[in-house]
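Feature list (source: TrEMBL):
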- 1-120: domain 'PIN' (DOMAIN)
- D6, D97: Mg(2+) binding site (BINDING)
Amino acid sequence: MKVVVDTNIIIDHLRGIPQATKQLQEIENGNFEGLISTVVIMELLAAPKPKISEKRLVAINNLLQIFEHLPVDGQIATVAGNLLSQYRASHGLEPMDALIGATALVNDAVLFTLSKKHFKFIKGLVTIDPYLVEED
């Protein structure tokens, strides 16, 4: 299964939240095909530099190696623009969330996110809170 991972999952992993680490290990082990929007990379690196230690930057860069990086291309930008046009006023959809959601839609992937409410109204987008996935 292809999964686009939202920023909040990666931040939780960096904070040592076991559920996040488990999901990222599933990607690293090849159980999921991990995809990441370059928007998520930007969000991870957007904190003021004095607040991001060199050790944390190295951890982020190492972690990003397990993902296929998906840049915002014309197709993703078009889908995101259409989503904003449709949902910004009615549901408060933010531009970065539109880009992340569009990335999942264009790549026929599920979106792993802790913020399902930010995406639940987007037609055709499958979101999963990976912390709620039951073990077999």
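Using the three backbone atoms N, Cα and C, a Cβ is placed for every residue, glycine included.
TrEMBL entries are annotated by machine, without manual review.
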### Task
For the domain 'PIN' (1-120), would you mind checking the mean pLDDT of the predicted model?
94
## Note on the structure
Under a three-state DSSP reduction, the secondary structure at D6 (Mg(2+) binding site) is coil
### Surrounding CB atoms that lie within 10 Å of the CB of D97 (Mg(2+) binding site), all protein chains
24
### Task
List the residues of the same chain that sit at least 6 positions away from D6 (Mg(2+) binding site) in sequence and have their Cβ under 8 Å from its Cβ, in sequence order, or write 'none'.
V40, I100, L111, F112, T113, L114, S115
